[in-house]
Amino acid sequence: MKSTKVKQLSDVCSNVSKELITAYKMQHSVSTADHLSLRILFVTVAPFSVSAMLYTLSNNLGYHILKYMDPVSYQVLSNFKIFTTAVLFRIILRKPLTRTQWIALILLMTSSMLDGASGKIGSSGDEANTMTASYMHITYFGIFLMIVYTTTSGFTAIYTEYIYKKMPEMDINLQNCLLYTFGILINGFLLVTSCLSEHKPLNLFKGFSVYTWIIVLTQSLVGISFGYVLKYASNITRLFIIGCSMVFTTLMAMLIWSMPINPLFLLTVSLIMLSLYLYHKE
């Protein structure tokens with residue numbers, strides 16, 4: 001429960017940072033709406049509250065799954081959201097995907113799974129066997145939650161893209177601000193009710209360090225930039241960005257901590273490059 005509070009607090013701080021950054025940009029790009037009726041205002045704003053609730057559900061569900069499976073298995077299986085996102089992209093947004101593009105997305109999902117498993121598979125000898133015996137833990141309920149999580153995550157991303165593009169005349173910074181405002185309210189409410197139910201003080205920034213704030217800031221910037229991706233590109237572009245970022249993270253870890261480059265990493269990079277080529281070849 002303590003870790004859940006930390007997760008909710010992190011979401012609140014991240015959303016606050018996003019809103020502050022977006023609010024500053026809005027001063028230079030958004031004009032005040034002229035006397036919108038309550039009905040129009042509700043129709044305009046309500047979809048962003050739904051998106052915020054879906055993100056809250058998806059983020060917290062992803063965390064709770066770790067109670068029912070080990071982190072490496074979670075990292076590998078969670079990449080099925082690439083497939084669910086692609087399916088919902090086709091069904092909800094009605095965007096056509098060719099057979100070659102489907103193959104490219106499956107290759108992207110496979111490469112992401114390999115990247116997630118590279119830490120375990122890359123271990124050698126007795127160490128790998130020890131890790132597998134000690135940490136390999138998957139339950140049937142965990143698999144069920146993973147199916148719910150990957151579906152919810154995919155639907156959340158597609159729904160957010162839908163509402164961003166459904167209102168092309170609305171400024172992207174205002175859309176981001178609405179989404180993050182609801183995110184702050186929802187996660188803040190969950191945090192407060194959780195503390196009250198346990199009769200514990202609301203120590204918002206307990207345990208925060210300069211590194212914590214750096215994480216909050218970088219995650220805020222990532223969230224804002226993904227808003228631009230959904231508005232002006234698509235969720236498929238977002239999936240490729242995430243896939244490439246995982247490889248970049250692994251590469252930086254190898255350079256900074258002198259980690260050896262294992263063959264699985266080279267295979268992962270090759271598959272991502274191939275998937276990029278196949279998808280954009282059409």
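From the backbone N, Cα and C atoms, a Cβ is placed for every residue, glycine too.
Residues annotated as transmembrane segment in TrEMBL: 36-56, 76-93, 100-118, 138-160, 172-190, 210-230, 239-257, 263-279.
Sequence-distant contacts of the transmembrane segment (138-160), counting only residues of its own chain at least 6 positions beyond either end whose CB sits under 8 Å from a CB of the stretch, comprise 50-51, 54-55, 57-58, 61-62, 64-65, 67-70, 73-74, 77-78, 80-81, 83-89, 92-93, 179, 230, 235, 238.
Among the recorded stretches 36-56, 76-93, 210-230, 239-257, 263-279, the one sharing the largest number of Cβ pairs closer than 8 Å with the transmembrane segment (100-118) is 263-279.
Put simply, of 76-93, 210-230, 239-257, 263-279, the stretch with the most CB pairs closer than 8 A to the transmembrane segment (172-190) is 210-230. Beyond its flanks by at least six residues, the transmembrane segment (36-56) meets 11, 152, 155-156, 159-160, 163, 166-167, 170, 175, 178-180, 182-183, 185-187, 190 of its own chain at Cβ-Cβ distances under 8 Å. Among 76-93, 210-230, 239-257, 239-257 has the largest number of CB pairs under 8 A with the transmembrane segment (263-279).
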